[in-house]
Amino acid sequence: MAVYQTAAGILEKLQRKEGAVKTLVYDSGFKNVRQLYALVCETLRYASVLEDIITSSQLLRGTKKLPLSLAKVLVYDLLFGKGLQCGGRWKAVILGHKARLRAELARLKVKKKVSSNEDLVTSLGGGAVGPALPRYVRVNPIKTCLNDVIAYFKRRGYTYLGKARSIEELAELGQKSGKRFLQDLHVPDLLAFPPGTDLHKDSLYTAGHLILQDKASCLPALLLAPPVGSCVIDACAAPGNKTSQLAAMLQNKGKLFAFDLDTKRLATMSTLLLRAGVTCQELANQDFLTVSPEDPKYQKVSHILVDPSCSGSGIPDQMRILADKEESAQSERLEALSGFQRRALSHALSFPSVQRVVYSTCSIHQQENEEVVRDILEQHPHFSLIDALPSWPMHGLNIFPGSSCCLRATLSDTLTNGFFVAVFQRQKKENESHFPDKPEEKTPSCDVEVTTNELEIIQNNGTEAETEPMKITHKSKRKVKSRKKKQKTDKL
Ligand SMILES: C[S@@+](CC[C@H](N)C(=O)[O-])C[C@H]1O[C@@H](n2cnc3c(N)ncnc32)[C@H](O)[C@@H]1O
């Protein structure tokens, strides 16, 4: 019963505008956050259908003490969810009305001339916030390959519809029922499943063969495109989805330096990378701004990803939280964030051998995106923007010449979370561009010397990676974590 009561409480708080769904779910203290979140979201999606059925069945007339919010959650689970699992004394009441509720559902479908539940939701304006986000799944080439994953899902009863030719085709996944999936048209190794597909318990996911990652968040690593064996920095790396994607592009060769300030996120990342079979990384619990470009260790770094902390306004729930905030508090926050974003990006461009830097945020604010890029381009004239994905349909806001090279993403335009990406490329020296026959300057390869310094233990050995989480350098404390702590990390 607890899950129903908690979900009902959240629906009431939402009505009183006391917060966004995700925040209320996390703040509820309920143990199974995923179950609660799914129940609240689905009840909200079916809200109009549920209200209609509850009214026409007169459910509340004979059960005056049953609050509408709780009735909605219970009826949702009875008719559209897993069936009432628990429900205390209300379970018997709802089950007593089962035949009537079912009859009202059937009547509503006839009235709306639809046969499926999904069509019914759509006909009543459910999910009117926009198209539903497909469940994007990135295949991890370190552990498997696209064809094997496609064959696996076919064996599990899914129909493979081939490679999507348009974003509309991806959107159709959410409009029809059934177990179907497509290959994405922009990101290789990315599959799209119908919205709401839950693969968290799938054995391919738990074994690290699949990474559940939004399509837009696959773009930064894809566009950084480090050659196999090169030397790369992931400046703000945790929890590491992009790091594992970069490692796959490097084919685990070369060197991937990953920094993050947050110890907890870094520990989660360590587990995630281990599961994904990443072995070319060196993690450090360090402020990227304190990483010296003069340090001989980073002399060969040719590619840097800067995916700094941002407002998160591209993530639907975050958008609502932000909208609820006072305007002044919001603008102060954006100013502080964009200050850090500028410093991090500028710092990345100051590494001596860096050829390409990708800057990305999951924000929709111009202040964190185009304005940062514009200012940094002015400060670093040796870099220019390139349009690294011409087929992408949405571009940067036109606030400076060349802003169209930036990529933007939104749910309605690209069927992804809100996102922003800019690709900075070091301009060729003048004499190089005058002599087109001159061979391309090679990306310095990163035959990294692995230091034997115990304090900076680099996890470079695949066999060891099978048994232990990778080690993290703590620049500030310069201490090797105790074995006990590592075991704790392993459990995360
Ligand atoms: C948007 S998240 C990165 C997500 C990550 N790239 C991924 O794909 O999983 C931003 C990260 O930047 C980290 N961060 C913030 N300030 C930092 C700094 N000065 N140096 C390094 N990391 C920092 C935060 O702890 C946070 O984990």
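Each Cβ is built from the backbone N, Cα and C atoms, and glycine gets one as well.
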### Residue from ASP295, ASP307 that TrEMBL also lists as binding S-adenosyl-L-methionine with CYS236, ALA237, ALA238, PRO239, GLY240, ASN241, LYS242, ASP260, ASP287
ASP307
### Task
Calculate the distance in Å between the alpha carbons (Cα) of ALA238 (S-adenosyl-L-methionine binding site) and CYS362 (active site, nucleophile), and round it to a whole number.
14
#### Entry: Model confidence over the domain 'SAM-dependent MTase RsmB/NOP-type' (125-427), averaged pLDDT
93
### Cβ packing number for ASP287 (S-adenosyl-L-methionine binding site), 10 Å threshold
15
